[in-house]
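Marked as repeat 'WD' by TrEMBL: 217-258. The feature domain 'BING4 C-terminal' is assigned by TrEMBL to 300-382. Annotated region 'Disordered' per TrEMBL: 340-360, 404-441, in sequence order. What TrEMBL records for 345-355 is compositional bias 'Polar residues'. Per TrEMBL, compositional bias 'Basic residues' is recorded for 410-436.
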Amino acid sequence: AVKAAEAADILQTDQAGLLEPENDMERTTSLTQTELKRNYLDDDTARHIYNLDMHQSAPYGLEYDRSGRYNIMYGAAGHLAMMDCHQQSLVTEFYVQERIRDACFLHNFTLFAAAQKNHAFIYDQTGAEVHRLSDHSDPMALQFLPYHWLLASVGRAGWLKYQDTSTGALVSQHRTQLGACRVLRQNPTNAILHAGHSNGTVTLWSPAQGKYLAKLLCHKGAAVHSLAVDPTGQVMVTGGADRRIRIWDLRMYKETISYFVRGGVPTSIDISQRGLLAVGHAGQTTIWNADALHRKTQDPYMHHSMPRCGPVETVRFRPFEDVLGIGHSRGVSSIVVPGAGEPSVDTSEYNTNPHQDAKQRKEAEVRALLDKLQPEMIALDPDQVGGIEESDPHKRLERLQDLQEEANHNKKAPKKEKSKKRGRSKIQTKLRRKHKNVVDQNTLKLREAREKEKVAKATEIRGEIASEAPREQAPSALKRFF
């Protein structure tokens, strides 16, 4: 039992680790992937270090699904390939014969979308075309909101469009009025989309609002080339043409830290599940520790150089693994970054189980459809959804006025009376008809008096008839006695 416990402690993989120098003279940035693979990694982890030379269709970008098991690689020349990262086998591969600018998975690995030259297309895991989204013309970037089942795209014309993938309806489309947009990322906590523009601004969007929710001038006089939001939704990192990485606090919309990038413009940025920051610039990739997002750090955590492979097109951390995928001008590379992924997988979370079978996948899909959130619930503060609005006298007065105006508007017009003949349209006659059924105290007394008068008159008539009856019945000789 003691040996089993010791072995369990040694083999325990649900705890995150980091590279730590043994002395003050040692730097973790000097550790290469070759040394890491040869001296420190086990065989199962070391096989995640590889390079795929696909320069015929380069440059390449890549995206991972929510479970981290599958990735989609897309080349600018029209090459699309899906890979099973656990088995390191190819799931599907095909060519679309036109430029591909971006791609992303939908609710699971069975469907993925690609932003092609003229429209956005949806394919299944076999490579068959499922839909052509004609409304998404000339798309430049794609994002999928998993809890709302919304596919968002932004195009060269500057239109941001939301498509509901469960019903196929176009939910909303907004004009950014800031020209072509190539940078689009989502905030994982509130599903707000962050769009980076060529004038150095970043705008925040929701499908429920026709105008941006917030606008930040992140890089003055320089275009925004890359953007990422950390898993907590409180920190945003932007990279601009001024070779600077700026870190913003989204709670105050204020810049906190700034770094200068040596060796080129930061073309791609990503933040891991545990807060590590990866920056792709020229033919290099630099990884910063999680502390770099909150305070100024002098040295990065790791550095990976790829000669003759620049510029870097995409850097993406693989969920639940210490792996970073890099797409560049020669193909795709994968490196190991210790401490990047979340070690414990919450399989109850929506589509995050990398080992689920077909039955579990179908059940998760049905459950996700039942729990789907409406687009109107996307807001900057997710806690305000379902809350109680504070009472404000001015707002309450405005609401009452609006209700009164609506009631008056819905009120039916008075009926026009027909013109009647023989004096029936006179004012006196109308008033008499109007008060005909009105019952008050005087009316009741008058009715009682009339009833008594009728009864008395009837009694009198009956008495006269009764007094004349014997005279009529008597013989003519006796009538003179009556």
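Glycine too: its Cβ is placed from the backbone N, Cα and C atoms.
Just so you know, TrEMBL annotations are computer predictions that nobody has curated.
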For the repeat 'WD' (217-258), distant same-chain residues with Cβ under 8 A (at least six beyond the ends): 183, 185-190, 194, 196-202, 264-271, 273, 275, 277, 279-281, 292-296
Counts by DSSP class (helix H/G/I, strand E/B, coil) across the repeat 'WD' (217-258): 0 helix, 24 strand, 18 coil
Secondary structure tally of the compositional bias 'Polar residues' (345-355) (DSSP, helix then strand then coil): 0 helix, 0 strand, 11 coil
For the repeat 'WD' (217-258), mean pLDDT (0 to 100): 96
